[in-house]
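Novice: The structure's right below; bear with me while I get my questions together.
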Amino acid sequence: MFLKFCLWTMFFFSAWSPIGHAKYSSLLEVVTPLRVTVTRGNNISPGWLSYSLNIGGQRHIITMKPKKNLISRNFLLFTYSDQGDLLEQHHFVQNDCYYHGYVDEDLESPVIVNTCFGSLQGTLEINGTSYEIMPKSSTSTFEHLVYKMDSGDSESSPMRCGLSEEETAQQTKLQESNAPTLLQIPYENWWTHHRFIEYFVVLDHKQYVHRNNNITTCIQDMLQIVNGVNGYYLQIDTDVVLTTLEVWNEKNYINVELSIFKVLGDFCTWKQNMFGNRIRHDIIHLLVRQGYGLYLGLAYLADVCTPYNCGVSSVLSDVMSDMAHIVAHEMGHNFGMKHDGIGCTCGLKDCLMAPYKTNSPKFSNCSYEEMYSVVTKRSCLYDIPEALVTNLTVCGNKVVEEGEQCDCGNSESCLQDPCCSSDCVLKPGAQCAFGLCCKNCQFLKAGTVCRKEKNECDLPEWCNGTSAECPGDVYKADGIPCSGEGYCYKMECHQRDEQCRKIFGNGSRSADEICYMEMNRQGDRFGNCGNDSSTYRTCQIADVLCGQIQCENVIQLPQRRNHETVHYTHFSNITCWTMDYHFGITIDDIGAVSDGTAYAPDHICVDRKCVSKSVLVSNCSPQLYHMQGICNNKQHCHCGVTWKPPDCQKRGHGGSIDSGPPPLPLSHSKWIVYILIVLDVCIVIIIYLFSFYKLSK
């Protein structure tokens, strides 16, 4: 019990108020970055980029160079098979499109952007004000949107650590006495040593689903986050290198819906049981798409390079700069940085390690001093991640690794396995050991459905007959009509009637338009078009059907969660029912009209606004598939049952280049049966006639 108590006291409650969760106070303007030539003296600096931007009526030049050491050369990606087997990959990742720089030759004004998709996306700071830049959709002139990032009154609800200074000192003493890797560095030289953080990240299942079940998108997200984190850690001469990423693509392997304090402990225990010291890492973080009330993150204090080098971050925002700030703050705790208090300064109003969420990019003098007390005693921080090695490839650990066909575990388990032998190769006659297209150690025949469509906006996938893996999950492209007047959006056919039924049960339906007009123009918790963390936004008339869902014909109130409140109001003999949404709640607002819900002909709701369906940019058009199919979410043609991909121009059996080959149409099978029957009849007749001829002769 004492040991358990000690372990629990070895963390720092890095709890933040969600006040200041990254948002945009207003659209500053539309800008068109102009590429300019960079010179240093008389020579053009290789790899550097410069763009001219006109922001707020002033011309600024941002100068950037590629960020090196963003991802290790031997980057490891872990995913899971549908049967729960851990799969290891050495994944190639594009990492030459991430940049760091500055504005107008001011080295104190950071620029953190990426150009991976041919445009600028990231953050920059001008005269102490932070801005987010992102590409404008549907533009052919390289237009970008520039927003001012506003954190509001971030001190209005500060959350601070509950540990006393004496308890913190005891923890630090205990950590140092148990530290396995110590390296004393003379004080005068410590800052000249460049440090590397080998960063291991785990993404939970909700985040994977939120990113459309796309592993590549998850990797791209993490690179943007790590690029942002590196922008903060440049000032302390530290490279944060993404060495390992695990995606819980099948399910969560711990319960992330408990308190954040329990989740942190469970995650660290899971990490030690799952990997131990087999995967080298200095810090490991779990990023979850889960709200924890007022808390955005939690991490153990000063435990970098120890078995308790863990942290948890709630990533409910899709703004990568916001997520990077949360991760950087939690990583600071792993480095030994406490929350800033009186006397801590960085030249700005707030610093990065403030107890509440800010947009500050700078560490305080206190953070520097606290970090020094840790980094001088951690030799692991001076290892170069490019030399990363892993000894995880061990036959018999039930993990299918590179070079293995299967892994059935110990000898006893392998005796019961019909497909896999104890030396991690397939048994004679076996084609496979796992996978949605594997049955009885054999590949399922081509055309066997391995993933049925979940709903009318989904698409099926079929086995190809030569692989145990089912093709990746694809679905109908956003904007395709569904259920009469609806449109498919992110694999769902969003409709107000259906949303009302999900909230209030069968029989309920979307209310009369007067409910939307009266309620959503009030701008309160029961009727609004979103909020700015301090005030609710009143819906414009054109957007009222995209605000809070308003329902009628509610027969029986279903049991809701504790933080949810049902509200009803009468207008013109109509009872309008809706759900409220409180400030400080970090889960999705279930009472908001779902993105993708149809508004009017060729219009949908997106982010509480009525927008043209044309915002759903697609490179796939009816002309591309010759009017004989539909587009999928990868912008490829999914052909009808009698047409052949990729362009549905020739006769075939349907499907797409992403779905696998569909089965032979039943009509074709019937024709084959008919032909065989006719042939059999003909053979019988010929034999009969031949026999009759011989007898008559």
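Using N, Cα and C of the backbone, Cβ positions are placed for all residues, glycine too.
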Novice: Of the residue ranges 55-62, 159-166, 455-462, 463-470, which one carries the motif 'Cysteine switch' annotation in Swiss-Prot?
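Specialist: Range annotated as motif 'Cysteine switch' by Swiss-Prot: 159-166.
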Novice: Which residue from Asn43, Asn573 is recorded in Swiss-Prot as N-linked glycosylation site?
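Specialist: Comparing Asn43, Asn573 with the record, Swiss-Prot tags Asn573 as N-linked glycosylation site.
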Novice: Going by Swiss-Prot, point out which residue in Asn391, Asn619 is annotated as N-linked glycosylation site.
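Specialist: Cross-referencing Asn391, Asn619 with Swiss-Prot, N-linked glycosylation site lands on Asn391.
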Novice: Which of Cys610, Cys631 is the other half of the disulfide bond that Swiss-Prot records for Cys620?
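Specialist: Disulfide partner per Swiss-Prot record: Cys631.
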Novice: Check Swiss-Prot and name the cysteine among Cys310, Cys366 that pairs with Cys344 in a disulfide.
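Specialist: Among Cys310, Cys366, the cysteine that Swiss-Prot links to Cys344 by a disulfide bond is Cys366.
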Novice: Quick one: Swiss-Prot says Cys305 makes a disulfide with which of Cys218, Cys351, Cys380, Cys395?
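Specialist: So the cysteine paired with Cys305 in Swiss-Prot is Cys380.
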Novice: Where does the mean pLDDT land for the domain 'Peptidase M12B' (195-385)?
Specialist: 89
